[in-house]
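**Q** Features from TrEMBL:
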COILED    A:373-400  coiled coil
DOMAIN    A:460-651  domain 'Histidine kinase'
REPEAT    A:84-117  repeat 'TPR'
REPEAT    A:124-157  repeat 'TPR'
REPEAT    A:244-277  repeat 'TPR'
SIGNAL    A:1-23  signal peptide
TRANSMEM  A:402-421  transmembrane segment
Amino acid sequence: MAQKSFFILYIFCLLFFVSTSQNPVQIIDSLKIQLNKATKDIDRAKIIADLTWYYSMVNTDSAYVYGKKSIYSAKKIGDSTLIAQALSDFAVVNYSKGDLKTALDYYKKSLLIREKQRDSIGIASLHYKMGTAYHKKTQLDSAMIYYLKALKFYEDTGNEVLANSAESNIGALHFNQKNYNEALRFFNKNIIFFRKTDQSKLLGNALVNKASIQLVMKDTLEAVKTLKESIKISEAINNVETLGASYNNLGEVFMAQNKIEQAKDALSKSIQYRSNSNMDADLTSSKLTLAGIHNTLGEYKKARLLLDEIRPFYKREGIKEKLSTLYLQYITVFASEKRPDSARYYSAKYAELQEEIVGEKALNITNELGAKYESEKKQNEILKQRAQLAEKDLEVRRKNTFIFGSLGFAMLLGLLGYLLYNQQKLKNRQLQKEGELKTALAQIETQNKLQEQRLRISRDLHDNIGAQLTFIISSIDNLKYGFTDISEKLGDKLTSISNFTSQTIYELRDTIWAMNKENITFEDLQARIANFIEQAKNASERTEFSFTIDETVNETHVFSSVEGMNIYRIIQEAVNNALKYASADEIEVNILKEEGEYFIEIADNGVGFDQASIEMGNGLNNMKKRAREIGGKLQIKSSNHGTRILLRVPK
Amino acid sequence: MNKMHLKKIASLKRNFLLNSEQIRYRNTEIGRYNFLEYNLNDALVIQPKIILH
């Protein structure tokens, strides 16, 4: 009896369903033209890599040749990305050829490079492909590990299509491990997603897988429905691989239902589609099933032809179960041909192989149980690790949130503090400025008020006392001229009082002026002295006057108004005395500067006077008093030849 | 606050200028006075009363 082989399709190469919108043969032709034109090594290497890839879909032998060339070209250029790609492509070719060991070796080489490059997308793709290689090699625990790694990446990066593909293969693994319910859960999920996203090829695969589970669960009617749906969808996009699997599985169902002709039709179609695909093992399996159908129908020659065709493959691959079925079919064929020796030979071979298979099965069951246990254990460990990782991740996120939150809060506080500090600083500056201005204003107001006050007093003095003094002078003059019989002595006295009062008026005016004036420049003082001398000249034409200022005197020097006034009055008094009493015909006024002092000299060539014998009159006393007021010294030297008065004023 | 401060500063400066202008004017008039030739009364200029804001 032929053994049932329901095909479970797992999605092998992720790019297959991306790139099949174009015919690979057309692409290959176009690439070959490009290869002939390409001159640069890098361009040629890329084209050869593409050729390897597209050939792997249609012709594994050509793909193998180009794969080798691709590795060589990439290594020649030394581009590690290209080398990794070439190694991966060559592994795909070996996978298609059924050389899974070599395929895995090249996948691992490619993985090493991509891990160095930290190419996470490339790594996930390799994990996925290695999962399929281990899957096909029936190393289910390793397959599960790689599928889960790929699944985690695709889930983390939000790639739903690839995540569903990985889940589809995990479902297939569960199927292989006879976890049918778990497998069905994955396939149903896949069907919903692929239907929603309009992924026809992947939907066809998922339906085939679901049908296989339905068949195992003896739900034949539903399985046929599911397979027919898969066939309909796959025919619409000419998906030969899925069609091959669907018809193969449908043939197996018809066989089980003893619908031999329908089974024959289905298997023939499966072989037809699989001849166009590149999966030798699947094609051979379908042929073996068809050979069994031929035998059942008594078409021994057709059966023999098929068996002879597929025998080298199974011998080479050493697939014992299939080989055993093959021998069994040969026994039937040779029995029908009445060749007892050959039938006996294959009968013995069959018995021998069965013995081996039973032994191996027992071993496999033990190993499988062990593997299943290990796989579950590893899966649990992986799940545990994932949970731990997720927990750690959450913890890190919490910590990060706390740290960043605290930092943000601290920065906010800092910013607020800084703003408040700045605000306060600005306020202080403004207050300081206002304070300074207020102080300055208060000072200037005080100064202004003081000046105003002084002016009022000055006006009062001038208007009242000045007017009264003028009235006194006027009264004395009236008295003198009104009374003609007054004695000469009284007359002189009255004149003296009148002069004294006039002098008082002048001094009052000087005081008022000095009180209101802050200072007087030397230049101003000089002009006033010159002006006075000019008036004196007019008054006494026979007297020679000279006024000299030494070059050492700084004309920009500033005296206080009191200093200026007293210096001027001393000069005025001295000149008046020389004119009045000394009968001088030469009067000199000299100003010079020596060692920080000003020397003001008033000299005449008059009769002079004896300081010891004459009483100091008001004039001399006034001069001395004025000199003292300004911190200066007054020296008087007088002889028969003239008088010299020297005033020293500190600078 | 800043606007109030600027307003206050402007007012203070205005008053300061008013005072200094009055002082300067008086000093000019007194400085111009020749106490021998002219009547002192000319120089004794009393300012109109200062009104501070």
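Here the Cβ of each residue, glycine as well, is placed from N, Cα and C on the backbone.
In TrEMBL, annotation is done automatically, which means it is predicted and not curated.
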**Q** Which residues, given as numbers and ranges, are at least 6 beyond the ends of the coiled coil (A:373-400) yet have a Cβ under 8 Å from it?
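**A** For the coiled coil (A:373-400), the sequence-distant neighbours (Cβ-Cβ under 8 Å, at least 6 residues beyond its ends) are 140-141, 144-145, 148, 152, 177.
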**Q** Could you tell me what the rest of the chain brings near the repeat 'TPR' (A:124-157), counting residues at least six beyond its ends with Cβ under 8 Å?
**A** 10-14, 88, 91-92, 95, 100-101, 103-104, 107-108, 110-111, 114, 163, 165-167, 169-170, 172-173, 176-177, 371-372, 374-375, 378-379, 382, 386
**Q** What is the number of residues in the repeat 'TPR' (A:244-277) that are helix, strand and coil, as DSSP sees it?
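**A** Tallied per class, the repeat 'TPR' (A:244-277) gives 30 helix, 0 strand, 4 coil.
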**Q** When the repeat 'TPR' (A:84-117) is classified with DSSP, how many of its residues are helical, how many are strand and how many are coil?
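**A** Its residues divide into 32 helix, 0 strand, 2 coil.
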